[in-house]
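Worksheet: the structure to be examined is printed underneath.
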Amino acid sequence: MSSNPRDRRIGTVCREARARLAAAGVETAALDARLLVAAAAGVEPVVPLTDPDRELTDAVLALADSHIARRVAGEPVGRILGAREFWGLTFALSREVLEPRPDTERLVEAVLDWCEGAQGREHPYRFADLGTGSGAIAIALLSELPNAVAIATDMAPGALLTARDNAVRNGVGDRFLPCRGDFASMLAPGMDFLVSNPPYISLTEEVQLSREVREHDPRAALFAGEDGLDAYRMILPQAKALLARFAPLFLEIGASQAVAVARLAKIAGLEDVQVFQDLAGQDRVVRAACVAK
C-alpha cells in the first residue's frame, strides 16, 4: 500500500517546518521556518507568504528538511545558511567569527552620531576596529562613511579572511585593511577613533548562555576571564597613545559592566566617559575620549 504523496507547496512545507521547530521549543519557529525553507528554494523569505502554492523539487525538499533538522538540533539559522544580516548588509560566517548580534548595531549608531557631531560623515576618518571578527562593525561604518578607511585587527587568520571577503562583498574592500594582531598592539598613533566589540562574558556566566551560543560561537570571541573584563584591560591602556587628541574610543559592554569599564577607562587616562543604552534600556556602549596628550 503506497503512502500519500507529500504536499510540495512551499506554504505547506513552511507550516510543517514551523510545527517541527515549535515542538522543539524554538521561540522564533515561524520566522526560522520561512528563512530556512526559502533559502533551500533559493527565493526571498516573503515567497512562502506571497506565493504559497509554488511547488518545490525533491532536491529542494531534501535540503529544506536538512536545514530544519539542524535547527531542531540547536544550530542557529545564520550558521545553517552561512550568513547573517547586520545593518542591512549580508555577512558570511565562518567558525572563527562571532555571529553579529542586533545589539551591536547600537555601537555603530553611537559612532555615527559622534561623526555627525564632529566633522560629518564625509570626512576621511581613519579608524580601527579591534577584534573585527566577521568585519561587521567596520564594514557597517564604512558603508555610512564614504571616505573613511578602516584598519581591522584580529588574532584569527580565518576571521580576517572572512572579514576581507565580507568587505569586498559589501563594496568597501578598497577601504578595509585587515591586520593580524592582538587588538591594538600593531597600530600607529593618530587614529580618529577606535571601536571594538571585544569578548566580555565571564567564565562563570558560561552556564547561562544558550546552547546555540555555547556550541556554535568561538570561545575566543565570547569569554574574557573570570570577571569578563580581561579584553578591556588589554585595550584601554593602549588607547590613549593611539588616539588623536579629543578622539574617542567606543566599546560594546555587557549590561552590568558600565561602572567597571568606565573606571578602567579613567585609570588609562581617558576622559569624558559616557554610557549609552540599547533599545531594551540596557547599558551597551561606553565612549571615552583622549582629551589630554
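Glycine too: its Cβ is placed from the backbone N, Cα and C atoms.
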Residue among D113, D154, D217 sharing the S-adenosyl-L-methionine site, where TrEMBL lists G131, T132, G133, S134, G135, F183, N197 as binders: D154
Spatial neighbours of P199 (substrate binding site) that are distant in sequence (at least 6 apart) but have CB under 8 A: G131, A220, A221, L222, F223, A224, G228, D230, A231
For G133 (S-adenosyl-L-methionine binding site), nearby residues of its own chain (Cβ under 8 Å, 6 or more apart in sequence): E96, V97, L98, P100, D154, A159, T162, A163, N197, A221
The domain 'Methyltransferase small' (126-202) [mean pLDDT, rounded to integer]: 95
T132, S134, G135, F183 filtered to the binding-site residues whose C-alpha is within 10 Å of P198 (substrate binding site): T132, F183
Lowest local Cβ density among G131, G135, P198, which the record lists as binding-site residues, within 10 Å: P198
